[in-house]
Amino acid sequence: MKCSLAPHEQEFVNAYLASKGLPIGINVTFGDLALPERYSDIRSRAEVQDFSVNLTPELRLETPVISANMESVTGVRLAVALEREGGLAIIPQMLSLDERLEMLERIGRAESALIDNPLTIPPHKTLREAKCLMNKFGIYSLVVIDKKKSPIGILSTRDWKYETDDEKMVGQLMGGRRVLYVAPRDISFVEAAKILRRQRIEKLPLVDRKERLIGLLTAHGLFYKHHYPRATRDEKGRFWKVGSIGVGREFTKRHLFEVEEQVKKGIRLLLIDTARAFSVNTQEAVRRVKERFPKLPLMVGNVSTPEGAKFLFECGADIVKVGQGPGEACRTREVGVGIPQISAIAKCAAIARLYKKAVVGDGGLKNSGDIVKALIAGADAVMLGAMLVSTEESAAQAFLNQNGIKVKIYEGSASFAAQQRRLNRSSLDRMRRPEGVAREVPVTGTVKERTEDILDGLRSAMSYFGVRSIRELCENARFELQTQAGLIEGTKKK
């Protein structure tokens, strides 16, 4: 495949850089750039409310933030918390397939208004078996079905809260004296909410014409759907599920099997992730996945050049992830490869405009000001690791360090410790030169607080430019170079 830029493509990239106020021939990053204000007709920052971006025709984010697919960052708790606020979460491909599938299952069921395949249990099973199933998936109720798969009751935690005999049958405990109400599969959310409210029930099983269970509507899910309107949900009110795979030395049947299993779990987007995506390995992976699942959108990365972005779009990528070495936990630049992140984003974004595709800026972001600069450079969204690992919901285990401060360990995916775990799981063939580090970070709040802080920063910046949407921000703001002294002058003093 031809990877170099055609003359007209190089001209477009140069024109794009010039339109942003970025230098041609010199690569720059966040601290090298200042953003001069523009005339603004915005009377109050509260007027700025539109932070939405479109990554694919089907995927719209109300908050342009994606969690890094790192073991210390993204778990089920963070995924749910971030997507509730309008962002997107990507599970780590370094986890075993079983772990990824369980995460996808739990994310799909969390706060879901409509559950397509509700967990069920026959009436002759024991309470012990029911508890085991609930604990595995982190749920609080099961639909009890008969031999014909028709719902006959609901077993919830309140039915056995004071029960001491774990060998008691589910059929003896389910539902107490409650009448079981059911509804047809095509009932609207509005009508379902009326039934739930009128009958004062929390679960509404959905049945087909033969009275067989085919779904479940929950009052809990409808509540969250109503109270979190920014949430990243599909048409059935479920959180978006994003799968992930690595590439390895070559794309094998095992890789394709992993994709197939994640598709069965309902993923709407797949990340194909490797440190060097501008390679034959990635080309093979994208081709094989697209052949098997032509309608499955692919996010592929990482690259840091326009040639790399063009290569991935030509291969079939829908979204390209940009960044080689800018992240706090990444040491790739120590081998001399990669270019400063703002230039990398802008050059790849220019190519994305030609292909009418999207790019995600991955790494190097320390605050909301950096996020603003990444979006102005052309990123459709940003991927965050360091800014999210310090939240209460991140996957890393919190502990008190020797100074009595609550901290978590932030690990790069290619750090020594992360590689050691993969060796133990047999998902890595040998130890490689570490291109990531591990360090302590203090726990400083929740995902909700972090996203609100990011949006407040965006809102403030947008008011200085007189723009009311991310699209307008990207079209109207322009960079100017600044000196190191200028950077120091604008840095908050401690």
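Using the three backbone atoms N, Cα and C, a Cβ is placed for every residue, glycine included.
Unlike curated entries, TrEMBL annotations are predicted automatically.
Summarising the annotation, TrEMBL assigns NAD(+) binding site to Asp273, Thr274, Ala275, Gly323, Gln324, Gly325. What TrEMBL records for Gly325, Gly327, Cys330 is K(+) binding site. Summarising the annotation, TrEMBL assigns domain 'CBS' to 114-170, 174-232.
Shown here: features listed in TrEMBL, placed on the structure.
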residue	record	contacts (Cβ under 8 Å, 6+ apart)
Asp273	NAD(+) binding site	Asn69, Gln93, Ser244, Ile245, Gly246, Val247, Val300, Gly301, Asn302, Lys321
Thr274	NAD(+) binding site	Gly246, Val247, Asn281, Thr282, Gly301, Asn302
Gly323	NAD(+) binding site	Gly301, Asn302, Ser304, Gly338, Gln341, Ala344, Ile345, Gly361, Asp362, Gly363, Gly364, Met383
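In the three-state DSSP reading, Asp273 (NAD(+) binding site) counts as strand.
The most crowded of the binding-site residues listed here (Gln324, Gly325) is Gln324, judged by how many other CB atoms sit within 10 Å of its own CB. Secondary structure counts, DSSP: the domain 'CBS' (114-170) has 16 helix, 17 strand, 24 coil. Cβ contacts within 10 Å of Ala275 (NAD(+) binding site), excluding its own Cβ and spanning all protein chains shown: 19. Each residue in the domain 'CBS' (174-232) gets a DSSP state, and the totals come to 20 helix, 13 strand, 26 coil.
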